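What follows is a single structure, written as structure tokens, with notes after it.
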Amino acid sequence: MKVKVISRSTDEHTKERSQDLQRVFHNYDPSIRTQEKAVEYVRALNAAKLDKIFARPFVGAMDGHIDAISCMAKNPNHLTGIFSGSMDGDIRLWDLASRRTVHQFPGHQGAVRGLAVSTDGHVLVSCGTDCSVRLWSVPISTAMELDVSSDKSVEPLETYVWKNAFRSVDHQWNFDRFATGGAGVEIWNHNRSAPEQSFEWGTDTVISVRFNPGQPDILATSASDRSIALYDLRMGKPAAKLIMATKTNSICWNPMEPINFTAANEDCNCYSFDSRKLNEAKCVHKDHVSAVMDIDYSPTGREFVTGSYDRTVRIFQYNGGHSREIYHTKRMQRVFCVKFSCDASYVISGSDDTNLRLWKAKASEQLGVLLPREKKRHEYHEAVKNRYKHLPEVKRIVRHRHLPKPIYKAAELRRTMTEAERRKEEKRKAHSAPGSITSKPLRKRRIVKVEE
């Protein structure tokens, strides 16, 4: 009797030198593995379910302020340092690793409305409703802790007093200049006690100012007259102005595509614009059920985080119409400011309940050092989820989120109102002369006019 056995030559499978690659035999014939897609589909389902099981986004809360947190700023020179300012005039430097206050900067008599850090990370600029701008020296490292309970007072490097209250501040990327927003837009220098330049386009209060990360002389502002304006400091005059149907509370430039910026609006949506073409939004980001108060881009430019009056924090893809993640706690109140960490791994939110909260940017991400096998396993799970994300069961598990009851009810009401408006528009168009009524897409509908 003949018996068939698998026999392989020892010479073919023996490495001559230690640097040689081990020979591996693969058979790519799909008829050999008829169940490959079925097996991968089950793995994608399991990966999606495991993400839900291990989703623990909340890392911890940082308490210490005694009033609502109104603004935050990142230190570009230090990964774990974050500054926060509150409505009682207190400014603190936090160490995210230990979640403790490292330094305090007392001095403002009213609410702190804006914070910004210079590019080298050595100077902190703060402004507030007491009509003053203050420059502070930032400690070299958060490891050099100060006793925050001591009576030793910290004096500002400079104090500039101006005619009106300030609402926002931002530091230029390359130079010793910063911009403030209030009754107008002022450009300041560290070495001068009066503004170098002043801009006024209309008479309303400027709420937010942001320098462009790619072109340091381009400045974007939003004001309470529902306008978004672009200024060019080299020309010394405004460049373009966009008026929307509702007020814009905050603006943020995309750090990887500096021609694009996203505006957080009062109508519960965020609008992404190309600064060269302001008559139409590139993308409308929907999901919030109340005014969006603040916005910040990830350093990768692929995502941004928003904080809203509806007491939630959401994370959006830069080109996605709906949020991929929503964070909330029972105790968190209205969120006034949000920031991505400098390594894009964490999100920090500051709210009306005097707390800063630290969240993971990816809810189910494993913290700590990963072994190579663990890293490959996570990458494989992401790959199979991405491959089968269009299938109904996988899509349902990935998209499912537990929402607070008020948010769920408000979202349901907004959907009902939107559907009613759509039906009314269709009926009006059906009972009118052909071509007499034209409907605008949402990307253009919220824009009133553009001024050059």
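Here the Cβ of each residue, glycine as well, is placed from N, Cα and C on the backbone.
As written in TrEMBL, here are the features:
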- 62-104: repeat 'WD' (REPEAT)
- 105-138: repeat 'WD' (REPEAT)
- 285-326: repeat 'WD' (REPEAT)
- 328-369: repeat 'WD' (REPEAT)
- 361-447: domain 'Sof1-like protein' (DOMAIN)
- 417-428: compositional bias 'Basic and acidic residues' (COMPBIAS)
- 417-452: region 'Disordered' (REGION)
- 441-452: compositional bias 'Basic residues' (COMPBIAS)
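Secondary structure of the domain 'Sof1-like protein' (361-447), assigned with DSSP and counted as helix (H, G, I), strand (E, B) and coil, comes to 54 helix, 1 strand, 32 coil. Helix first, then strand, then coil: DSSP counts for the repeat 'WD' (62-104) stand at 0 helix, 24 strand, 19 coil. Long-range neighbours of the repeat 'WD' (62-104) within the same chain, counting only residues 6 or more positions beyond its ends whose Cβ lies under 8 Å from a Cβ of the stretch, are 110-117, 119-122, 124, 126, 128, 130, 136, 138-139, 141-142, 145-146, 148, 154, 336-339, 341-343, 346, 348, 350-358. Across the domain 'Sof1-like protein' (361-447), the model assigns an average pLDDT of 92.
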